[in-house]
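*Asks:* What follows is a structure written as structure tokens; I'll ask about it next.
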There are 2 protein chains.
Amino acid sequence: MPRYALTLEFDGGPFMGLQRQSHGPSVQQSLEEAAQSVVGHAVTLHAAGRTDTGVHALGMRAHIDVERAFDPFRLSEALNARLKPDPIAVLDCRLVPDDWHARFSCLGRAYEYRIANRRAPLTLDAGRAWRIARPLDAAAMHEAAQELVGHHDFTTFRSVHCQAASPVKTLDRLDVRREGDMVIIEAAARSFLHHQVRSMVGCLGLIGQGHWTRADLVAALHARDRQKLGHNAPPEGLYFVKAVYPGDN
Amino acid sequence: MPRYALTLEFDGGPFMGLQRQSHGPSVQQSLEEAAQSVVGHAVTLHAAGRTDTGVHALGMRAHIDVERAFDPFRLSEALNARLKPDPIAVLDCRLVPDDWHARFSCLGRAYEYRIANRRAPLTLDAGRAWRIARPLDAAAMHEAAQELVGHHDFTTFRSVHCQAASPVKTLDRLDVRREGDMVIIEAAARSFLHHQVRSMVGCLGLIGQGHWTRADLVAALHARDRQKLGHNAPPEGLYFVKAVYPGDN
């Protein structure tokens, strides 16, 4: 069966996450229903990662298998037409080999987290950033973040519901920068534990506000104890930005 | 009476514009009601500019007169608390002299217009940008835009409902640049006619798509005839960014 790789963008606000849930709307359900109405048979969406309720995506990768061949552009146009009014868009659609798998072929994932560092409530960014009123020291956050980069046991930064076999991961990049009143955190790794980005960002937020030192962050990491987590950042500031595959340029 | 200058941000989506309307919600009505509940008497909001239904603001300036003195920070906090859940935020509040007037003291206004130049429907940017699917030549748009900069009769680019005494205005700046799939247009002038930015952007959109040449834009300007307008861009891509006053740095 022809396999199509999709690049997806979505506003996570109305969804209980990417993965299909029995108790509410999901990106997977919307996309599978749209695909079924286009191709005429049941379709399963496989995605590079799961996202939680309220988490957004700018470039999620996924694939579907379809019984007969479609022109990829026409397939993406038809999917976008059927997805309305759900805030999910197919940005790209291409035919891939049968052994290309959105989840298992993925070599790397990148997230971005947006903190609106301001006193006033959010208007245009409501639901799209975490507001922290107290001034953040982005440089201190960036410096401390480097303690988390590398090969570590991230048990402290892992949800109790995480299903990964091991809490040991290699974090390739954790950069913090300020753009006006927005503090932006970029994280990249081969893969992440459940809640890992939000848990790291929550602790960096404590550092930025002066509540935690860099040493406190190191102690939390070394404790390998979820109880030592300072704070788990809310989902609405998190964006799945990119998934990397063999042969991507 | 003490006069307070406010800097406002709002999502224009739910409002029939800034100015109070008999037929629907407005930013003015929400803000005047919030202010009245804080200060205990009726308050009139005076703003640097009017905005249409669906037009956003990142830095609208306005003022209110209040019978007794308030600490400006506490006043802004109280206004923000009462404005909830409306997507309006007071970003700054300061005491100004009695002769400072948000509209009449204003020396310059700046707008930004965002065009999402992509095939896929918008998700996170829905209601916050104008989507044009056909590829835009932003460099050609910028070059042609320079024909509109300067002192001109902008009758072609003026709503038939415009109440300005004269259609002659001086446009200080009209810059077009591309950032990824977003084409951003910045406009600055002492003041603008009603629909002027949207009308100019609509015609630049025709140029970017190759439907109009630079000469077509010049002909439309010189015609001084609203019937010669190529296209009026939709409101959701427009942001009131800034108002400038004497003594601003």
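Note that Cβ sites are derived from N, Cα and C of the backbone, with glycine treated the same way.
Unlike curated records, TrEMBL annotations are generated automatically.
In case it helps, TrEMBL gives these features for our protein:
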type	residues	note
ACT_SITE	A:Asp52	active site, nucleophile
BINDING	A:Tyr111	substrate binding site
DOMAIN	A:10-104	domain 'Pseudouridine synthase I TruA alpha/beta'
DOMAIN	A:144-246	domain 'Pseudouridine synthase I TruA alpha/beta'
*Asks:* Count, for each of the recorded positions A:Asp52, A:Tyr111, the other C-beta atoms lying within 10 angstroms of its own C-beta, and report the residue with the smallest count.
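*Replies:* Across A:Asp52, A:Tyr111, these recorded positions, the one with fewest Cβ atoms within 10 Å is A:Asp52.
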*Asks:* Between the Cα atoms of A:Asp52 (active site, nucleophile) and A:Tyr111 (substrate binding site), find the distance and write it as a whole number of Å.
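*Replies:* Distance (Cα to Cα, whole Å): 13 Å.
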*Asks:* With DSSP, how much of the domain 'Pseudouridine synthase I TruA alpha/beta' (A:144-246) is helix, how much strand and how much coil, in residues?
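*Replies:* Tallying H, G and I as helix, E and B as strand, the rest coil: 34 helix, 31 strand, 38 coil.
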*Asks:* For a three-state summary based on DSSP, what are the helix, strand and coil counts in the domain 'Pseudouridine synthase I TruA alpha/beta' (A:10-104)?
*Replies:* 25 helix, 24 strand, 46 coil
